[in-house]
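Novice: Sharing a structure below in C-alpha cells format, with a few things to ask.
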2 protein chains.
Amino acid sequence: MSAPSLLLEVGNTQIETVETLLQVGRYLVIFLAARALAELMVRLGLPTILGELVAGVLIGVTGLHLILPPAVHAELNQGMLALIGNCAGVSPEAVATIYDESFPSLEATAKLGLYALLFLTGLESELDELMAVGRQATTVALTGVVLPFALGTAGLVLLFHVPLFPAVFAGASMTATSIGITASVFGELGFLRTREGQTVIGAAVLDDIFGIVILAVVVALAADGVLSAGPILQLVLAAAVFVGVALFLSRKAAPAFDWVLDRLRAPGEVVVAGFVVLGLCCFVAEAIGLEAALGAFAAGLILSASKHTAAIQQSVKPLVALFATVFFVLIGSSLDLSVMNPLNPDNRDGLVVALFLLVVAIAGKVAAGWSYLSKEKTNRLVVGLGMMPRGEVGLIFLGLGSQAGILSAPLEAAILLMVIGTTFLAPLLLRLALSGVAAPVDGTAEQAA
Amino acid sequence: MSAPSLLLEVGNTQIETVETLLQVGRYLVIFLAARALAELMVRLGLPTILGELVAGVLIGVTGLHLILPPAVHAELNQGMLALIGNCAGVSPEAVATIYDESFPSLEATAKLGLYALLFLTGLESELDELMAVGRQATTVALTGVVLPFALGTAGLVLLFHVPLFPAVFAGASMTATSIGITASVFGELGFLRTREGQTVIGAAVLDDIFGIVILAVVVALAADGVLSAGPILQLVLAAAVFVGVALFLSRKAAPAFDWVLDRLRAPGEVVVAGFVVLGLCCFVAEAIGLEAALGAFAAGLILSASKHTAAIQQSVKPLVALFATVFFVLIGSSLDLSVMNPLNPDNRDGLVVALFLLVVAIAGKVAAGWSYLSKEKTNRLVVGLGMMPRGEVGLIFLGLGSQAGILSAPLEAAILLMVIGTTFLAPLLLRLALSGVAAPVDGTAEQAA
C-alpha cells in the first residue's frame, strides 16, 4: 500500500489525468457547496462566510469526506475515488494516493486567498476616517482586545486546566472583529454612517492590527513552545516596527508606487504591481520571523493611499471570491465536529469549554461598548454588539493555529463554535437592538464625521 | 542527502517558513522578471508575451537557476538557497529539498493560468463576426493549418529522421495562430476593422479550435505512443462532438446561465459562476479522454453569448495577468537554450532543424493568404503575415508536449525558437507590408462587415 509501489503500476499520463480530475473536481465541489450555502445565508440575512464554513463542514471530515486534508487521516469518500479511478483507468487506492500528494497545491491556493483577503482588508482601511474617530475607536478597540484575551486565556487555564500555550492562542483568537461582517450589517440597516457605526469600523480596523500582531507573536512563539518574556518583547517590537513602517509608507510610498505604475505600459500592470508589493511585504514579514499574513495586511495599508487603490481592489476581488472561499471551506472541512456531539458523554467537557468561550467572546466585546468615551448620548449596546462578530479574522487565527499544530481537536472545535456563534448572533442581536430605533437619514453621515 | 533524513533535522515551523518564503519569493522573481521584460518589449513595439518567455529563459535553467522545475535536474542557485536558509535557520540542502517538494503548487497555479487564458480566449470569440467572414476565414484557416502541419511533419521525418510521434507534435505546434498578438498589431496600425483584419481574426479563432482539437488528439495519443487509425478517429470524433456541443450550448445554454446568475445574491457571484462552468467543462473534457485545456476554451465559447460576458472577462483578466504569466515564464524557465549554442558543433543539426521549422512556419501561413477566396482587391500578403505569430497558442502546445515527455531537448528548443521567431517577426513584417498603405479611416469597418 506504500505510495511509490502503487504508482509504479500506473502510467505517467494516467497520473496526470487523475491529478487534473482531482484538482478540477475539488474546486468544483468547493465552489458549488460554498455558493449554495452562501446563497442560503444571504436569504436568511446572515453573513455569507457562515455558508462557506458550513459548506466545508458538510463536505469535509465531519460530513461527506470529499475534501479531506491529508493531515486529518480519515478515509476518503469511496464513491469519489471509484468515479475518478474509472475515468482514468486506475485503482481507487492509487487515486487516494494522488489525492493526498496533490492536496498541498489546494492548500497553497487557500493561502493565496488568505493573503489576497488581508491585502484587500488593508486596502479598504480608510486611515483618514479612522483618525477622525481615533480616540473613541482606540479605547473601544483596546478594551475589546484586552477583555476577551485576558478573560479567555485566564479562564481556560484556571477553570479548565488547558495548557498555557493553547490557552493563549484561544484567547488571541477572541480578540478579532470582522470588519466585513460588521460593515455589511450596519450598511444594510442604514447605520454605517452614524457616529456609532464609524467608531465600530474604526475599532475593527485597529482590532485587525492588534489581532494580526498578536497572531504573529503567538505563531512565532509556537515554534519554541515556551512563553518567555525576551522573545515576546522582541517579536512585539518587530511587529510594532513593521506596522509602524507600513503606516509611514502608506503616507510616503504610495506616490512612488503611483509614479512607477503610471510609467508601466504592458497590460495587467495594476494587478501585477499590486502583487509585487504584496509579495515583498509577505516575504519581509516572514523573513524577520513574523507571519506573511501580517505582511499581506501591511501591503494593503501601504497601497490604501495610492490613487490606483480602487483599480487594485477591483482586480483583487475576483481572487478573493475564488481563493478566500477555498481558505474558509478548507477550515470547515478539516474540523471534526463530531467531538462536539452532545449525545456522547465524553464530549460534555468540550461543550462546556465552547460555551465558556462563546460567553466570554460576547461579554468581552459588549463590555467594550461601555468603554466608549463620549459626552454625547450614545447607543453603547449597538457599539458593543457591532464589535462582536469574529468572522473571517477569527477563522484566520483558527486556520493558522491548527496548521501550527497547537490546538487539540476539542479546543479547535470550541473556537470554531465561538466564531460561528458570534458571527451568527451579531446580525440577529444588532437588528433587535436597532429595531426600536429609526434608521437615521443621510444627514447624520456628515454629523458623524 | 535523501529527502526525509534531511528534513527530520528541521522543525515543522521552519519547514513552513521555508515553504512560504520560497513560494512568495518565486512569485516575486517571476513577476519582476516578466514585468521588466514585458515593458521592454512594449517599448520595442513587440508582443509582451515574448518578454515573459525571455524572462523565463533568463531566470531558468538557461540563466540564473532561480526558477527550476525539478524535472530538469539542475543545480539551484546557491545564493538563493543560502539567503532563504539563513532566514529560516536551515541548511541550503534542506531548502533545495523543500524547493522541489513545493514546486508542484507553482505548476498547479500555472495550469490555472492556462485554463483562465483559454477561457478568456473563448469568451472573446465573437461567433457572429466569425460567421460574417466565415467562408473566407475558413479557407484561410484550413490552409494555414494543413500546410504547416503537413510540411513540418513530413520534413522532420523525411529530411531529419525525427521519429514519427515527436514530428507530428512539432507539426501540430505550427498550426496555431495567436489571436491576441495579431489583433493587437492590427489594432495598433488601425487595420483591425478592415476586411483583411476581420478575416485574419476569424481564421485565428478557427485555428484555435482546430489547433486545440489537434492538441487534444496528439496528447491523448502520446499516452499510448503509437499512431493508429482507430483511436485517432475516435478522439477526433470526441473532440468534434465536444466542440459542436459547446457551439450549440453557446446559443442555447447562455440564457440558462444568465437566469441562474440573475438569481444569485451572494457577492462574487459572476466570477464563481463562471469558474463553475469552466470547471465542469474541464472535468468533462478530461474525463472523456481529451485535454482539460479544450474544456476551458469550450467553457469560454459557451459563455461568450451570456449577457454577463463583459463582467466575466473583467473578473478573469486579473487571473490571466497573474497566472498565465506564471505559465509562460515556467515554459521559458524549463527550456535549456544552451543546446542551441552555435559555437558547439554538436548543436549544428538542432539549429538546422530550428531554421527549417521557422521557414515552414512562415511560408505555410503566408501561403494561406493566397487561399483567400475573394473577387475584390485584397492584400494577401497582409492576411498571410497576420496569420504568422504562434504566440501563446504555440507555447501551450510546447508546454503540454514537454510535460508529456514527448519531445527531445533540441526539438523543444527548436519549437521555442520557431514560436519566438514568428511572434517576433510578424509585427515587424506587418509594419513593413503596411508602411506603403494609408491606414484606413473608421468607415472601412462597416464596409468590412
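Placement of Cβ uses the backbone N, Cα and C atoms for every residue, glycine included.
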Novice: Kindly point out the range from B:109-129, B:319-339 that TrEMBL annotates with transmembrane segment.
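Specialist: Residues B:319-339 are the ones TrEMBL records as transmembrane segment.
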Novice: According to TrEMBL, which stretch among B:139-161, B:392-414 corresponds to the feature transmembrane segment?
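Specialist: Of B:139-161, B:392-414, TrEMBL gives transmembrane segment for B:139-161.
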Novice: Transmembrane segment per TrEMBL: which of the ranges B:20-40, B:167-187 is that?
Specialist: B:167-187
Novice: Quick one: find which recorded stretch in B:167-187, B:199-223, B:319-339, B:351-373 has the most Cβ pairs under 8 Å with the transmembrane segment (B:49-68).
Specialist: B:319-339
